[in-house]
Each structure stands twice: as C-alpha cells, then as structure tokens.
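Now, the feature entries from Swiss-Prot:
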{"type": "BINDING", "residues": "GLY170, GLY171, ALA172, GLY173, VAL174, GLY175, LYS176, THR177", "note": "ATP binding site"}
Amino acid sequence: MKTNFLAFGMSTLVAKNIGSITQVIGPVLDVAFSPGKMPNIYNSLIVKDQNSAGEEINVTCEVQQLLGNNKVRAVAMSATDGMMRGMKVIDTGAPLTVPVGEATLGRIFNVLGEPVDNLGPVEVTTTFPIHRAAPAFTQLDTKLSIFETGIKVVDLLAPYRRGGKIGLFGGAGVGKTVLIMELINNILKAHGGVSVFGGVGERTREGNDLYMEMKESKVINEQNISESKVALVYGQMNEPPGARMRVGLTALTMAEYFRDVNKQDVLLFIDNIFRFVQAGSEVSALLGRMPSAVGYQPTLSTEMGTLQERITSTKEGSITSIQAVYVPADDLTDPAPATTFAHLDATTVLSRGLAAKGIYPAVDPLDSTSTMLQPWIVGEEHYETAQGVKQTLQRYKELQDIIAILGLDELSEEDRLTVARARKIERFLSQPFFVAEVFTGSPGKYVSLRETIKGFQMILSGELDSLPEQAFYLVGNIDEATAKAATLQVES
C-alpha cells in the first residue's frame, strides 16, 4: 500500500524522513528509521496510514527514547487502536506545537491544540512548541508583591503572590469550580488579565459542567467569543497517559504567550496536578524505567520542576497558578503531593463544614496558609489584623465543645464577647460572587484589600459589637454591613 504523504500537507523535505512501526505496546510504539535520519527526543511523529479495515489512522506521538539500532520509542497522544507493525510514520522534525494568542480565548482544545468544541477552526497566526525553557534568572521579577483577588478571606488570611503557585484543596461539592470562575472574572476586571484552564486527567463530565457554567456566567461569551476571558485545554481521564502527561504543558504554553508577548497577568488553573504525576508514572513504567518510591517514576521531581519553573513572574508579566491537589488516601507524605508542596507559595483549603453552614466561599480561615503573610511583605497593619482574626476564630473553635454541652450562658463575659465577634468575622468572610449572581440574585462584590483590612479591624476593635451578626452575612465591604444592619432594624 503506497501512502501519498504530500496529500497530508507535508513538505517533500519532511516527507523524506519516514520510518515504520516495529512494535506497539499499548500507548507506546517503537519506530525504525533509516541510518542517520533519527528524530530528536520530543520530536513529534505522525502515524498516517490505513488499518486492515481500510480506515484512516492519524495519530500524533512524541519521541521519548532513542533505543539504538536506528529505533526510537514514542508515546501516543491518542488511542493506538488499529495500529500495526510496518505502518508508515512521518517525523515532523519539530516538537508538538500549539496555537497561541487571543483567538484561543473562549475555545476548548485538546493536547495537540486542536479545537474540540465544534465551533470550527481557530484563526491563529502564531504557534509555540510545548517544550520551552523556563525564563532566565535575569528575566525574573524578584519583587514580592501580593496578587489582589478581591476575595476577602483569600486577600486577608492567605494572600496569593503575583507569579506564585497556590494549591487548592477541597472535596466534591464545596465550591471549587465557583471559586475558580470568580478568580477568572476578577483577574480580568482588576488586572486586565486573562486565564487558561488546564483540565488534566479529570472527569469529562466535570469539564463539560465547567464549560456550561462559564457560558452561563458570561466568563465565556457565546455571542461574541472574542470577548471571552479564558482558554480551556482538556486531557481527560479517558485519554491515553501521553495526552494527560502533556496537556498541562499545552495550557502553560498558551499562558506563556499572554505573559511574554502580550505582557499581561495570567491566571493558570491546573485541575488536577496529581493526575499529571500519575500520567507520568504510567508512561515511565511503559518506557521500562525502574520505579522509585510507591511505584512513582524515578524522574518525578524533574518532571514536576520542569513544569513548575516555567510558571513565574518576569519583568514583563506574570503567570499566577492555582493548582487543585488531590491527596491520595489523604496521605500528605505520598511522593506526588509531597513533591507538589515544595513548589507552593500558598494553600487555599475549602471546608465542607463551612459549606454546610452556607458560608461561601467555604475557605477554611485556619487551615489555609501563605508564605506572603509576613509583616515585612504585607505590612504590620495587614499582618496584625490577620493574626487577630485567626486568634479570635481559634478561640471560638476551642469553645465550641463547651457551648455544645453547657450553652453560651456558662461562658465568661470575655469569652462571650469573643464568640460574638468570631461569629461576625465568620459571616463577614462570606461574600457574594459575580459568577453566582445568576443563582443567588444578589450582585457580586469585589472588595479591595484596604477595605477588607478596615472592616476586620472594626469588628476586632469592638466598634460593631452592637450590630446583629446577620448584617455581616454575604456583604462586600463593612459599609454594606452597617447599611444592612440599619435595614434589618427598620424591618424589625
């Protein structure tokens, strides 16, 4: 069977370097090339042929190993069903390249940068290779600055670093998706930035739900797709490990364009960073490497470092990354989450208990941490206020058992005051979101860091002890709380 490679849009020059499959083991294949025509590591190979049923096969692979005897071992980015020994393979002579730029906003891509949302081809003029060097030391922005999100609980108690990495911990149904969408919305309004969402090895249903919710909350504008604020890249659970291992790099490459060329602040979401490690582990075993601790790949730290080092601030722009972290069997010492923690600047922990109370965002104020919460970075005023809030909430937590058994009346006057203030703080940490307006009917609020600090200082100082705690629930700044208290008084 003679294959016309020119019909596939390949130049005569590239079409000359053609190999053939010698072995297929699941998603891994060995390809033989002519002597002196060996492709480089990370080169993209394309299997273009027909299977025994006469159906076209078009599978992109990535070279991982040079085996000797003019053979290479490559990992397929899609299913290898129907592949046979002897099939022709084209060496493209370059790594995987993906489309970048404004045209990617509002669209969904797979690992190869192909649109999968049935909205037609993407009109792009620029493509970037997914394997790129991290910014050089001289390009890095070493200034520590806070990345204001407009979300009170985050900005006050676990502030994000501009160009930092944040771990997002939370089970199902505690508001992870809504928090992600609010951050996408706020970065556009406050920083004029864009977002890239990388769905790595998660459920297809969740990816679809996220897309539908983004359309509903206007993060993706269906009428005018170019006004959308986010590009989506999906490599879901059903994809081969090669795709799940590389989809994070595809999303990161799209984000790098906005940082380096457009000089914007970019939010990069990776959901879930554990699946990136898991896919690498599967590929490593298939490539015949000796596993290390708990069966993970021996190159775990290197793979994680290669991805994470590219996520940083430069003097031109920044990529701030929020990574959902799945902790297998809740074991924080497992090599996958343990390696991830080494790279994180802050953790945002979502609590099911707070979600059950109806306090959204359900960010746990005591479990969430940030390396930025230091007096010489955020300033004395911010630091003292945050510590005061945490101490009050911690004391309330300690007193809860006593309250449950004996009731509030058995507490000392001082403790009763602490409980009253803690309950106000807990409610004031809630906030109406812009992306939830559709469901709640109350308009979203962006609260600046200065207003957030002022509000919590007033609660801690006792200025607002006379106000009812309902006045602090789901409001923006402290002025809204006092206005709501006045309204409640009139109504009663």
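Every residue, even glycine, has its Cβ placed from backbone N, Cα and C.
Residues near GLY175 (ATP binding site) in space but far in sequence (CB under 8 A, at least 6 apart, same chain), listed by position: LEU350, ALA355, TYR360, PRO361, ALA362. Applying an 8 A CB threshold to same-chain residues 6+ apart, the list for GLY173 (ATP binding site) reads ARG352, ALA355. ALA172 (ATP binding site) carries neither a helix nor a strand DSSP state and counts as coil.
Taking the centroid of the Cβ atoms of GLY170, GLY171, ALA172, GLY173, VAL174, GLY175, LYS176, THR177 as the ATP site, the other same-chain residues with Cβ within 8 Å of it are LEU350, ALA355, ALA362.
There are 23 other Cβ atoms within 10 Å of the Cβ belonging to VAL174 (ATP binding site). Sequence-distant contacts of GLY170 (ATP binding site), defined as residues of its own chain at least six apart whose C-beta falls under 8 angstroms from its C-beta, comprise LYS176, ALA324, VAL349, LEU350, SER351, ALA362. When other Cβ atoms within 10 Å of the Cβ of LYS176 (ATP binding site) are tallied across all protein chains shown, the result is 21.
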